[in-house]
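Quick look at what TrEMBL lists:
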- B:38-57: DNA-binding region (DNA_BIND)
- B:15-75: domain 'HTH tetR-type' (DOMAIN)
2 protein chains.
Amino acid sequence: MRHHCYDRGMPRWDPRAEERLGDAALELFVEHGYENVTVEQITERAGLTRRTFSRYFTDKRDVLFAGSEQIPGVLSGAVRRADAALPPFQALLVALVDIGEWFADLVPHAARRRAVIASSPELQERERTKLAAVTDALAEALRERGTPTSRATLLAQVGIAVFRTAFERWTDEPEPADFAARVREAATELAASLAPAAGLATVVPEDH
Amino acid sequence: MRHHCYDRGMPRWDPRAEERLGDAALELFVEHGYENVTVEQITERAGLTRRTFSRYFTDKRDVLFAGSEQIPGVLSGAVRRADAALPPFQALLVALVDIGEWFADLVPHAARRRAVIASSPELQERERTKLAAVTDALAEALRERGTPTSRATLLAQVGIAVFRTAFERWTDEPEPADFAARVREAATELAASLAPAAGLATVVPEDH
């Protein structure tokens, strides 16, 4: 039956194939543990062939990172498009909100994906490598707006921290609604936590 | 001559051996590129033996990361010792200043070390893994002080960004003087960059 489908019955291009494979993979990773899942199990669960899998992904790890190579360019592009009059961190926040929905489409099942990644040192390493590339691209985009190198790196790292926090909170909601509100919330919360830094001399005295 | 030194003339324990090996390794990494340097070259430059090298380091990579497994515990310990009345980010800043000098001793030649690490994807990966462990330990220490999980993670990531910025600026100075001032400066600079976040609704409108 599957053989029949594959040879003649199934369309060569299934617009939902990638999504079905991604859904099946995440389900299986959560059920059996990432290490124990094979590509064969993923294609079987999705009711698709290995050949179809190979059209979208190189291996099972790729299901978790497909498209991530686009993130640095998309995010730094959004920073470049932000109103030139905005100070750097505000330009960065606007850019984060701007790409939020695109990013959510790129990373479906974000909460489950996070749990799978947390279960494997190899996946964590890959995730950190990806995040570092995004941070570098963001810092470069801020430098192009005139922010000095050291400050651009600091703000890029902090911007990524705000984005991760906002995105995690947003995807943990049962029915995610307003991503922009989550970015605002995380940035405002951080600003409030840092505010006493202005009077920091009392905490970290000059003659420490 | 070297043979003579090794067999009889040299003391079995040289209090400066570790430092000499570290100095020699960093010099060679910068001169020839990390990939091209052998442990033999390092010991030769330091005028010490392979056996002495093995007493302090497992391999040439270890010269760059020796002792780094202590950082998570030392930093989170400093957060635990910070005045219980301090809000979380202030406790974190006090802890960063507290361990600053210890950290500087642990990481000699910090600017050269950074350049070497930037030259190698493998070393960058190792550095990121190390930083992630420090960030996790810091978040855990903040949670113990009563900070909710998501905020503790955000503040830990931002605290590490401030520390890296302060440490890089400090070690880039020809004659590093006051690390506490660098931490204050980076935190104050960040707070100023974030301050408009409070009025962020004008930048990232509610109905975005």
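Each Cβ is built from the backbone N, Cα and C atoms, and glycine gets one as well.
TrEMBL annotations: computationally assigned, not manually curated.
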Next item on the list: Would you mind listing the long-range same-chain contacts of the DNA-binding region (B:38-57), meaning Cβ under 8 Å and 6+ residues beyond its ends?
Entry: 2, 5-6, 14, 17-18, 20-21, 23-25, 27-28, 32, 63, 66
Checklist line | Averaged pLDDT, computed only over the residues in the domain 'HTH tetR-type' (B:15-75) | finding: 94
Notebook entry, point to check: In the domain 'HTH tetR-type' (B:15-75), how many residues does DSSP assign to helix, to strand and to coil?
Noted result: 48 helix, 0 strand, 13 coil
